[in-house]
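> Please read through the structure below; I'll follow up with questions.
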Amino acid sequence: MAAHDDDMNRGIRPGRGSDDPAGQIAYLEQEIAVLRRKLADSPRHTRILEERIVELQTNLAGVSAQNERLANTLREARDQIVALKEEVDRLAQPPAGFGVFLTANEDGTADIFTGGRKLRVNVSPSVELEELRRGQELMLNEALNVVEAMEYESVGDIVTLKEILEDGERALVVGHTDEERVVRLAEPLLDVTIRPGDALLLEPRSGYVYEVVPKSEVEELVLEEVPDIGYEQIGGLGNQIEMIRDAVELPYLYPDLFKEHELRPPKGVLLYGPPGCGKTLIAKAVANSLAKKVAEVTGQATGKSFFLNIKGPELLNKYVGETERQIRLVFQRAREKASEGTPVIVFFDEMESLFRTRGSGVSSDVENTIVPQLLAEIDGVEGLQNVVVIGASNREDMIDPAILRPGRLDVKIKIERPDAEAAKDIFGKYLTERLPLHTEDVGEHGGDRSATVHGMIQTAVEQMYAESEENRFLEVTYANGDKEVLYFKDFNSGAMIENIVGRAKKMAIKDFLEHSQKGLRVSHLLQACVDEFKENEDLPNTTNPDDWARISGKKGERIVYIRTLITGKQGADTGRSIDTVANTGQYL
C-alpha cells in the first residue's frame, strides 16, 4: 500500500510502466478528482473549526467568570476572617475602668479614687499630668494606670451647700435626708462664687461636687432684675407715691440725717386696697426709682438695686418646714445683696396667702410656723440693713396682726379706687397725642390734637362717673336693713381703665379694616365703657357677698343681700339676688 502511494506521488500509474501515456492520463484524472473532492470538503471543515473555536471561547469566558467569582469569594472570606479576628481580639481585651483624679505627685504618679479605693497609679506618657484637674474623670487600663483624660461627671445627687470650710477646697453640705457631709470642691467650682443654700451636684462615691444646679423652687420665686417701670407711668396715685418714696428712698439717700435725728428707718411697707388699683405697679416702680437715686448719689452712670419678687402662693409647700426654709433663703439672699451697700426690695405679692392670722381656723394652720419665721427675719437677732420689705394685699384683714404692728410693716398705704380726677390722670397714660385720631374728632377741636385727647378723656370720665340709670350696678342690703345702690364708679380701677382704652383701640382698628376710617373716636371710648361695665355683671357671683365686698374695698356695715341691677348685653334684665351664708363672721 505504501509502495502504491509512492508510485502515485511519483506520477507512475500502478501496473504500468512510466512511459505509458494512457496510464499517466488516467492517473492525473484520478488525482484531479481527488483534489476536487478535497476542495469541495474544505469549507465544511472550516465551519467546523470556527464553531469549535467559538465553543472554546464561550467555555473560556465561563471559566474566567467562575474563576473571578471564586477569587471574590476568597477575598470576602479573608476579610471576614480578619474582621472576626479583630472582634475576637477586641472582646478578649480586659475591661477599662474609670476613676476620679485627686492630686498629682512629684514623682509623676497620680492619686485617684476608683472602686471605693484611693490608689496611687502611673500615668501614660500620652496624658499630660499637669493638665489634669481636681475631680476630672480618668480612663484606666487593666493595670489601673491612667491612659486617657475624660470630662467631669454630669450626673449625681443634689445636695444643699451649708458652708465652705476654711481651706476653700472643701464644703459642708446637707443631703435630702438632712444628713450633713463634708465634700471636695471640683476644679470648676473653685473659680465660681457659691452661696449657702445653693444646690450642688454631688458624685457620692468620690465625694466631689461639680456644679451649681439651678433650683426652680427658689430661682422661679425670686426676680432679681429691676423692673423698667417709673413713677411717671403710674396715674392717679400721687399721694401714695409720695408716701412710699418717703418711707423707702429717704432713709437710704440721707442716712446721716436719720442718724442725727435718731430716727429709725421703716423696715416694711404694706400696700393694701382693692384689686387692680396699682399696688404691684408701685412696688415695681420703687426699685427702679431707688436705682436711679443711687446713681445720682454715687455719681455713677447707672445705679444698682435689687427687687426680690416673692410669689406668695408658689412659696407654699406640702412638706413641713419647706416654706420656712425658702423664706430663710430669700432673706439670706437679700442680706448678701445688701451687704454690698446695694438697696434690696423684698416684695411679697398676695401677702395674705402666706401670712394669715394664726389660730383663725380658716386654713390648715400652716401659718403657725410661717408667720414667726417672717417675724424673726424682719426684726430678729440678725438685723436687716438696706433691706425693705413691701407687702401687697387686698385682704389686709386676714394678715396676722403681729406682722402689721409698728416696727415690722411700719408704713401702711391704702391704694384707693380712682376718683374722677385720678381717672383722668390714668386715661392720660394710655390716651396720648401719638395715637391715630379720627379727623372728624380732631376737626371738632380746631385741629388741636392735645385738646382732642383732653376732650375724649373728659367725656369718657363723665360717663363713667355719672350716677345715671345705666350705670347702676348693685343694690346691697345691710344687716340693719338699710339699702344702697352702688354704681360702676364705686368699683372702678386703673386696670379697668386700661382695659377700656384697649377695647376702644381695638374698635378703631376694626373700623379701619371694615370701613377704611382710620383713627380713634370718642364714640369708641363710650362704647368701650358700656361693654366693660356689662362684661363685669358676674363679678359679685359668690355665696358670701360680705367676703366679696371686703375684697372689692367696700367697708361698713355687714352686707347680707346683693341684687345686681345691670342690664344684660342683649337688653334683657339680668338682675340677680345673692344671699349671704349664716354667721359669716365678717363685719365691714
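Cβ coordinates are placed from backbone N, Cα and C, and glycine is handled just like the others.
Below are the features listed in Swiss-Prot for this protein:
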- 1-10: compositional bias 'Basic and acidic residues' (COMPBIAS)
- 1-23: region 'Disordered' (REGION)
- 47-94: coiled coil (COILED)
- G276, C277, G278, K279, T280, L281: ATP binding site (BINDING)
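Can you walk me through where each of these features ends up in the structure?
Within 10 Å of the C-beta atom of T280 (ATP binding site) sit 19 other C-beta atoms, taking all shown protein chains into account.
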> List nothing but the one residue from G276, G278 whose Cβ has the fewest other Cβ atoms within 10 Å; the candidates are the binding-site residues.
G276
> Using the centroid of the Cβ atoms of G276, C277, G278, K279, T280, L281 as reference, list every other same-chain residue with Cβ within 8 Å of it (recorded ATP site), in sequence order.
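Going along the sequence, the neighbours come out as L271, G273, P275, I282, A392, I415, S493, G494, A495.
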> Quiz question: given the binding-site residues C277, L281, which has the greatest number of C-beta atoms lying within 10 angstroms of its own C-beta?
C277
> When a 10 Å sphere is centred on the Cβ of K279 (ATP binding site), how many other Cβ atoms does it contain?
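Result for K279 (ATP binding site): 26 neighbouring Cβ atoms inside 10 Å.
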> Tell me, roughly as an integer, the mean pLDDT over the coiled coil (47-94).
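Within the coiled coil (47-94), the model's average pLDDT equals 85.
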